[in-house]
């Protein structure tokens, strides 16, 4: 008969959120797996000190239950980290699986948690339902004897996604339970030994008293004691047999009831697929080594893809992304297309030959739109036409400024105009490129500066003319004077013909080129004459005295005829210019009128909507019309006054010049010496005389013609002018009355 060994027991005192929840007592199956039970018992008592790898005490005290899965299990035992990644056995690190004899066939079993085969450490779990799917993977080494309700309370705690309970479930204290049955047996043995000694003492006293008796009684007592011992042994054997039978009889119904209970117990509703995996212990590993299963799966997937897609073909997902151009090329990659191949058909693609991308071409087109369109192509020397186009597009205020400048030009003499035109041509040639680049706003400033420069150039030209005339009079001879006169005639005829014709841009170019050539010829000839003068002075001095007497009469007659012809030509030019100006002014005035009528037509629709504003605008227009008419009348009066003054001054000049001529003729006849004649020739050269006489004749002819025009004006025109002036005055008075009678308007009306 083998003696039955009692299994070791351990306990946990558990607290939830630092509040004691109760004690759980475990019975360890030391007979089935002694090594695992010894590991658990030592961790409960903490008798093994610190761990080799973790360097922490090998003790479950103050350890957490870090993983709780309802209807499955409650896990703990990670004393190093407290999250399921730590722990260590008393043997150092991990130890092997000992036995899978006991199955997970009931609830409240104590089993070892691991990370795979032979990876048992300090972590354990208590099942709350039968879990047969864990058989063969985890070693069962104990069961819960008492404290099942505490385990249920831990199971019912709320958890997060990682199955960690929100409440802190901690082991306050733990240890081993020693059974009391051993102490009782020892006490019983001691009690039996004491009773047997007392009985032996009593027997010895009785023997001493009866020593006197006979030896027969002694032998009889010995036999009786032997019989008693035999009987006692027999009885003890019988009792033992009976006890064994009773125990067997008790065990058989209990085993049947246990089997029935196992069948009646509900199995776990949790599937093994739903159980979350146990976190791996990676410790200091930066990258975990790839598993063999994962490698095999990847290899299988690659083989399937190769079988489905041959080496030349591409996957379907990428084939959808590829775009094909017109030429048949596949476009790979992401993002918008920046370049494309040219189409083979010319009709399809407009920009077949251009290599610039479309987005670049769009930017170029936008930049071209921003450039100012200059209209017609600019020809060399056409600055005046461009200025006229720009001035026509401007407001009527600028037209009035033009009229004032035109009046100033009228008052100037024709000789000065010719000289100004020559200078203006040089100035125009220099400033052609500048004027093209400038805008319309800069053109206004340029015109104003031009008017100022003309005034300055007049004074300079006068001083230059005087100095040149003196030098030429002293140097040039009569033969040179004749040549100069003939050239001047030809130029005058050419200028009159060209001015009578309508001016074209090509004609202007020809005029400018001719004037430049003439000026160059005159300069070259003057230089030649200066060189030859010094040689010919002696010869000419002798011939002058002889020829003067003969040529005086001829020269006087010829000069008169020339002066008359020149005066006629110039009067014609003046008339043509005045007519042209009047026409241009009338055209500009008609344009201005048409613009005003258009504005009035547009404003009528607005006036219907807003009658108050239309009245104020009508008043402003009337005032402007009246002011413009008054200005025109004042300008015409100033013209008449200026012409009359010019005629008077010309008459006075003629009288004074006639007196001077008679006086000089008498002096010339009376003088006998040649020296006086030479001095008179130096003081007054024939060129200067001809210029003065020509100027006088021109002024006379212009004044006479102006007087004739004024006389020939019909009385009907005068009456029309008077009636127009009366109407304007009448309108002006009405406007004033309306302004006085009307209510106080806005700031705009007052300013208008």
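Positions of Cβ are set from backbone N, Cα and C atoms, glycine also.
Residues 257, 268, 702 are shown; Swiss-Prot lists phosphoserine for one of them, 257.
The phosphoserine entry in Swiss-Prot, when matched to the candidates 202, 236, 254, corresponds to 254. Within the list 255, 519, 524, 584, the entry that Swiss-Prot describes as phosphoserine is 255. Summarised by DSSP class, the composition of the compositional bias 'Basic residues' (226-251) is 26 helix, 0 strand, 0 coil.
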